[in-house]
Amino acid sequence: MSTSKSENYLSELRKIIWPIEQHENKKFLPLAFMMFCILLNYSTLRSIKDGFVVTDIGTESISFLKTYIVLPSAVIAMVIYVKLCDILKQENIFYVITSFFLGYFALFAFVLYPYPDLVHPDHKTIESLSLAYPNFKWFIKIVGKWSFASFYTIAELWGTMMLSLLFWQFANQITKITEAKRFYSMFGLLANLALPVTSVVIGYFLHEKTQIVSEHLKFIPLFVIMITSSFLIILTYRWMNKNVLTDPRLYDPTLVKEKKAKAKLSFIESFKMIFTSKYVGYIALLIIAYGVSVNLVEGVWKSKVKELYPTKEAYTIYMGQFQFYQGWVAIAFMLIGSNILRKVSWLTAAMITPLMMFITGAAFFSFIFFDSVIAMNLTGILASSPLTLAVMFGMIQNVLSKGVKYSLFDATKNMAYIPLDKDLRVKGQAAVEVIGGRLGKSGGAIIQSTFFILFPAFGFIEATPYFASIFFIIVILWIFAVKGLNKEYQVLVNKNEN
């Protein structure tokens, strides 16, 4: 009897630690490996792209890249994807897009990166044009280092195309609903484990003691890893199509039904929906406020990171460390987030994100505005300079804001849709995706880039007081929006219960 109980206990423990059935490993493990490779590239690209742009062009250029290059490129990429869907089958689309990224990584690694003087315009010409046209100097500087700008854009598109679109489309196609409940939680843990691995890889290859290649080509091994990873993604995808999608135990094509088209609204229709429904408007305001406030702090923080770590290698190593902490904090929030939601009210759970942003943002900006006071009173005690402390608090703010997003912010936002009637829920969510998604991601960059165009003599140092003021105004509006949405939410919940 005791043996039977012990076996049952071990069986239950195994289901908690590894909820995948033995026969499902053939499907889950290659899918998980694909996701790991995609995320290894994703987190490596995120660390490197800023290192090139910030140190060679300037931190201010990031807002211009996001607004005027990345956003249009994402739209063009989606148009091309839709066209490919009309002429190729899904498997071949995956090969075409992944091969495009692989080809670009090879081109950048062996041509654009090693020979910048051959591909970039003359530095003196760019400087003279920047002085002649100060309002457009950041556009001119971006053109002057166009290969780094293209790398930044491709890095941004990798996350959108490879992870959000191709991987999840494939996973959703071949994963049954009963499997998804167990598979997807494990994917979440795996996704965040790729971040610490990236940190270790970057730290090793860019360390000054690692002498695999010449000093001016330190990034080559990282590019080779990304190229290899891209090859492995293609090979794994091919193997799954040959061995998993042909196994009736793991995939039944008759169960793949045509899904009803999601409600799609135009930009104008989305605006009308948000302005005519106070409830939907509040949800949109939450998403916009999150995106804009994160971008405003992130821009200032990266300018301070550049001051502390002025070289490409040092900056990239630091961003790798940032990914390390972000990965573990995200895992921690994933584990505790569901418990928080079960034990507190919707209002309390929804308030955690803006209050955390306000407190950490206030600490970050305090170390910038009062650096001389801190230097006199705290530097000796804390054995750190005001700049180091500002960078540290900026990292804490960014790590927490991204960690809390996936566990609490997204969960409370999605809960807010539940009490709505079906028509408003479907159309409202579509409207929020169009307006909130676009303005949230690009809103902060638009504010910053417009500011630098109107005031060309300003950099982040001079503009920080203005960006800080906008940040606090937006977070306060966010808090009021949460309170307003909670009132509407409680009315609908009580109405539905009665």
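Each residue, glycine too, has its Cβ placed from N, Cα and C.
Record features, source Swiss-Prot:
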- 34-54: transmembrane segment (TRANSMEM)
- Cys37-Cys85: disulfide bond (DISULFID)
- 55-67: topological domain 'Extracellular' (TOPO_DOM)
- 68-88: transmembrane segment (TRANSMEM)
- 89-92: topological domain 'Cytoplasmic' (TOPO_DOM)
- 93-113: transmembrane segment (TRANSMEM)
- 114-147: topological domain 'Extracellular' (TOPO_DOM)
- 148-168: transmembrane segment (TRANSMEM)
- 169-184: topological domain 'Cytoplasmic' (TOPO_DOM)
- 185-205: transmembrane segment (TRANSMEM)
- 206-218: topological domain 'Extracellular' (TOPO_DOM)
- 219-239: transmembrane segment (TRANSMEM)
- 240-279: topological domain 'Cytoplasmic' (TOPO_DOM)
- 280-300: transmembrane segment (TRANSMEM)
- 301-320: topological domain 'Extracellular' (TOPO_DOM)
- 321-341: transmembrane segment (TRANSMEM)
- 342-348: topological domain 'Cytoplasmic' (TOPO_DOM)
- 349-369: transmembrane segment (TRANSMEM)
- 370-379: topological domain 'Extracellular' (TOPO_DOM)
- 380-400: transmembrane segment (TRANSMEM)
- 401-438: topological domain 'Cytoplasmic' (TOPO_DOM)
- Gly436, Gly437, Arg438, Leu439, Gly440, Lys441, Ser442: ATP binding site (BINDING)
- 439-459: transmembrane segment (TRANSMEM)
- 460-465: topological domain 'Extracellular' (TOPO_DOM)
- 466-486: transmembrane segment (TRANSMEM)
- 487-498: topological domain 'Cytoplasmic' (TOPO_DOM)
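Here the features listed in Swiss-Prot are painted onto the structure.
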| residue | record | contacts (Cβ under 8 Å, 6+ apart) |
| --- | --- | --- |
| Cys37 | disulfide bond | Ser229, Ser230, Leu232, Ile233, Thr236 |
| Cys85 | disulfide bond | Ile93 |
| Gly436 | ATP binding site | Ile283, Ala284, Leu286, Ile287, Ile288, Gly291 |
| Gly437 | ATP binding site | Ile287 |
| Arg438 | ATP binding site | none |
| Leu439 | ATP binding site | Ile288, Gly291, Val292 |
| Gly440 | ATP binding site | Ile287, Ile288, Ala289, Tyr290, Gly291, Val292 |
| Lys441 | ATP binding site | Lys66, Gly291 |
| Ser442 | ATP binding site | Lys66, Thr67, Leu71 |
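Long-range contacts of the transmembrane segment (321-341) within the same chain, counting only residues at least 6 positions beyond its ends with a Cβ under 8 Å from a Cβ of the stretch, are 43, 46-47, 188-189, 192-196, 198-200, 203, 349, 352, 395, 398-400, 402-404, 406-408, 411-412, 415. Listed in sequence order, the residues Ile287, Ile288, Gly291, Ile435, Gly443 complete the 8 Å Cβ shell around the ATP site centroid, once Gly436, Gly437, Arg438, Leu439, Gly440, Lys441, Ser442 themselves are left out. Residue counts for the topological domain 'Extracellular' (114-147) by DSSP state, with H, G and I taken as helix and E and B as strand, are 27 helix, 0 strand, 7 coil. Under the DSSP three-state reduction, Arg438 (ATP binding site) is assigned to helix. Counting residue by residue with DSSP, the topological domain 'Extracellular' (206-218) contains 3 helix, 0 strand, 10 coil. Within its own chain, the topological domain 'Extracellular' (114-147) is flanked in space by residues 53, 56-58, 60-61, 64-65, 68-69, 108, 217, 220, 449, 452-454, 456-457, which lie at least six positions past its ends and keep a Cβ under 8 Å from the stretch.
The largest share of C-beta pairs under 8 angstroms with the transmembrane segment (93-113) comes from 219-239, of the ranges 148-168, 185-205, 219-239, 280-300, 349-369. Only pairs six or more apart in sequence are counted, and the transmembrane segment (148-168) with the transmembrane segment (34-54) gives three or more Cβ pairs under 8 Å, enough to call it a contact.
Sequence-distant neighbours of the transmembrane segment (68-88) (same chain, 6+ residues past either end, Cβ-Cβ under 8 Å): 96-97, 139, 142, 149, 152-153, 156-157, 160-161, 165, 442, 449. In this structure, Cys37 (disulfide bond) is part of a helix by DSSP. Taking Cβ pairs closer than 8 Å, the transmembrane segment (185-205) reaches residues 19-20, 28, 31-32, 35-36, 39-40, 42-44, 47-48, 171, 212, 218-219, 221-222, 225, 316-317, 319-321, 323-324, 326-328, 330-331, 334, 406 in its own chain, all 6 or more past its ends.
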